[in-house]
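K.L.:
Provided herewith is a single structure, encoded as structure tokens, for subsequent inquiry.
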Amino acid sequence: MTARIIDGKAVAAELRAAVAGRVATLGYRPGLVVVLVGDDPASAVYVRNKDRAAHGAGFESRTIRLPAATSEAELLAVIAGLNDDPQTDGILVQLPLPRHIATAAIIRAIDPAKDVDGFHPENVAALALGAPRLVPCTPRGVMRLLEVSGTPVAGRRAVVLGRSNIVGRPMAALLLSADATVTIAHSRTRDIAAECRRAEILIAAVGRAEMVKAEWIGPGSTVIDVGINRTEAGTLVGDVDYQAAREVAGAITPVPGGVGPMTIACLLENTLDAAIARRSC
Ligand code: NDP
């Protein structure tokens, strides 16, 4: 039996529409500001997509574009201005930043109440303590996909492949908060295939094209593929060998069209949450 396909594109469209519906009742337009430093082409595409989605949902959205030579002090000054601006509910600094800027210092400078990426240490701590506030968009999107696909989480064995600060770690924390039994696997894990095979929920976030083979997948499990990898032929593939995995898994996300669209939809949700929390204070 082939796996059910979890259609992230459709779920994300519904979520964006739901956010737009809630924005329409607010009486104000939540403000999202994306800061882009330099001219990385992939970042430029992401930022354009975020801006388009934000406008589509009725947000006041703008992008501040700064030259690659912007100093750390100049960027900190821009952030300080946005922290003080009452019309700005969400601030997102597009990563990666140019090498001469200390990313951690920039993230720390963002008002945690406006940190819609959920990367500020205060928001990271809140999630780790089991009382999440603004949580990173990609893991939030994955949790939504598990929910809408009817995948039970509480009490289930979940394996997260990857331990980055933006995906793996917050993903594991969210699954733990949802009462899963969580294993985090990474480049130092022994017999990673065996760890994965035990999973009832497998989240792959390693950035290695089609690393997860069909034999790594537990029959009937739910497989969520966060990876986005470009092959030499120029096509996009995930971290999971999708065609083979479909024959074993119970449900699976495609790449593209799985987790990717959820990330932006959850950014809108985070911005809406931030606006409501801030403006009701
Ligand atoms: P990072 O490179 O920051 O982290 C990768 C993680 O995978 C690390 O923890 C690393 O382990 C682990 N890893 C790497 N190689 C192996 C291996 N051979 N075996 C076991 N573990 C391994 O990546 P990100 O977390 O930022 O992103 C992961 C993937 O998700 C990428 O493809 C990225 O493009 C994609 N992504 C997709 C998003 C979306 O919206 N769909 C959003 C963000 C990311 P170690 O820590 O030991 O080095």
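Quick reminder: no glycine exception, Cβ is built from N, Cα and C everywhere.
Below are the features listed in TrEMBL for this protein:
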type: BINDING; residues: Gly162, Arg163, Ser164, Ile228; note: NADP(+) binding site
type: DOMAIN; residues: 6-117; note: domain 'Tetrahydrofolate dehydrogenase/cyclohydrolase catalytic'
type: DOMAIN; residues: 136-276; note: domain 'Tetrahydrofolate dehydrogenase/cyclohydrolase NAD(P)-binding'
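Surface or core, plus neighbours and distances: that's what I need for these features.
P.N.:
Summarising the environment of Gly162 (NADP(+) binding site), the number of other Cβ atoms within 10 Å of its Cβ, over all protein chains shown, is 23.
The DSSP breakdown of the domain 'Tetrahydrofolate dehydrogenase/cyclohydrolase NAD(P)-binding' (136-276), given as helix, strand and coil counts, is 53 helix, 26 strand, 62 coil.
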K.L.:
The record lists Gly162, Arg163, Ser164, Ile228 as binding NADP(+). What's the largest Cα to Cα distance among them, in Å, rounded to a whole number?
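P.N.:
Value for the max Cα separation, rounded to a whole number: 16 Å.
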K.L.:
Applying a 10 Å Cβ distance cut-off over all chains shown, what neighbour count does Ile228 (NADP(+) binding site) have?
P.N.:
19
